[in-house]
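Per Swiss-Prot, the features are:
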- 1-20: signal peptide (SIGNAL)
- 30-45: disulfide bond (DISULFID)
- 156-186: repeat 'PbH1 1' (REPEAT)
- 201: active site, proton donor (ACT_SITE)
- 203-219: disulfide bond (DISULFID)
- 209-229: repeat 'PbH1 2' (REPEAT)
- 223: active site (ACT_SITE)
- 238-259: repeat 'PbH1 3' (REPEAT)
- 240: N-linked glycosylation site (CARBOHYD)
- 267-289: repeat 'PbH1 4' (REPEAT)
- 301-322: repeat 'PbH1 5' (REPEAT)
- 329-334: disulfide bond (DISULFID)
- 353-362: disulfide bond (DISULFID)
């Protein structure tokens with residue numbers, strides 16, 4: 001397996017003003033103060049500054065189809081009026097796009113207006129940010145507060161997200177649920193570097209994709225660093241994933257791989273390295289092949305293979321009522337695993353593990 005880290009190394013309408021000293025610069029640099037102006041004028045700008053935009057209810061801040069090479073800067077406080085709808089609040093696509101946050105900026109979703117403790121099962125709530133078709137691009141230094149539901153939906157090739165802060169801490173007491181930070185699918189080449197997340201669902205969830213690198217993460221609350229659920233999608237392959245140098249605290253799980261019962265697919269070339277956990281309420285390490293309708297059944301199947309899984313220096317503590325390690329594999333579907341310095345303590349030992357490779361233990 002190749003380390004992905006090593007691969008990485010080798011306006012125009014009302015509400016818009018144009019900053020310039022010449023006609024050419026006037027077309028190139030745009031500042032927008034409304035979502036409508038940004039949508040109308042985006043194609044004519046090589047640099048877009050979004051200054052304290054208040055996005056109308058039920059409206060997406062639409063930055064899809066950006067001209068190649070466009071730079072996007074969030075400035076001031078971006079807010080969103082309330083409506084029960086599926087979103088997204090922001091959508092962006094294009095090639096070679098650079099997205100940054102200006103000093104002191106904030107993207108405040110004010111998610112408590114939607115939170116009801118039910119997540120996707122309650123009233124309609126908008127997802128935050130679609131990075132779909134945002135290829136060969138980067139998102140750096142965004143400060144995000146209180147997303148109504150999932151934060152980033154990533155379906156892009158060769159995209160890097162660095163120094164992203166997602167602070168949904170208020171959701172712990174106000175009913176935040178299904179507030180995943182980074183959901184990755186149908187992507188080749190995703191780098192997530194030094195994120196800081198406090199949420200109420202997965203810090204990272206990879207449903208499909210290849211060449212994915214997550215490093216330097218701080219994950220508080222939520223459900224940990226997850227692969228899956230894999231299966232029953234148009235793409236059921238997860239390959240060459242490195243998740244490293246990250247902490248998971250006060251979460252349900254720390255390290256998790258889950259696959260759908262009766263489905264087919266593959267999870268391969270997976271590395272969890274230098275993961276430190278604390279305050280885990282359910283499972284320190286959990287790999288299971290029995291999910292159906294979003295819940296475990298206790299009956300694993302072997303249609304989705306889990307191979308070449310490496311856990312190294314995965315350490316820490318779980319709560320006394322939690323389970324240190326739980327491994328539930330189908331017959332012959334978990335193989336070629338490597339475990340080194342996996343030390344999870346503080347909880348119960350599982351007697352229900354099944355079909356685990358000889359190098360692993362519960």
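In case you wondered, yes, glycine gets a Cβ from its N, Cα and C as well.
Just so it is clear, the model here is predicted, and its values are computed rather than measured.
This view paints the features noted in Swiss-Prot onto the structure.
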residue: 201; record: active site, proton donor; Cβ contacts under 8 Å, 6 or more apart: 119, 150, 177, 178, 179, 180, 181, 222, 223
residue: 203; record: disulfide bond; Cβ contacts under 8 Å, 6 or more apart: 180, 181, 182, 195, 197, 217, 219, 222, 223, 224, 225, 226, 248, 251
residue: 329; record: disulfide bond; Cβ contacts under 8 Å, 6 or more apart: 287, 288, 289, 300, 302, 306, 354, 355, 356
residue: 334; record: disulfide bond; Cβ contacts under 8 Å, 6 or more apart: 287, 289, 305, 306, 307, 309, 327, 355, 356, 357
residue: 353; record: disulfide bond; Cβ contacts under 8 Å, 6 or more apart: 325, 326, 327, 328, 362
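As a summary of secondary structure, the repeat 'PbH1 1' (156-186) carries 4 helix, 10 strand, 17 coil according to DSSP.
The stretch from 156-186, 267-289, 301-322 with the most CB pairs below 8 A to the repeat 'PbH1 3' (238-259) is 267-289. For the pair residue 30 (disulfide bond) and residue 240 (N-linked glycosylation site), the Cα-Cα distance reads 40 Å. Separating the Cα atoms of residue 240 (N-linked glycosylation site) and residue 45 (disulfide bond) is a whole-number distance of 37 Å.
For residue 30 (disulfide bond), the Cβ neighbour count at a 10 Å cut-off comes to 25, with all displayed protein chains included. Same-chain residues lying 6 or more positions outside the repeat 'PbH1 1' (156-186) and placing a CB less than 8 Å from one of its CB atoms are 8, 111-112, 115-120, 122, 131-150, 192-209, 212, 214, 219-222, 233-235. For the repeat 'PbH1 4' (267-289), the number of residues in each DSSP class (helix H, G, I; strand E, B; coil) is 0 helix, 21 strand, 2 coil.
Looking at 45, 219, 362, the disulfide-bonded residues in this record, the fewest other C-beta atoms within 10 angstroms of the C-beta turn up around 362.
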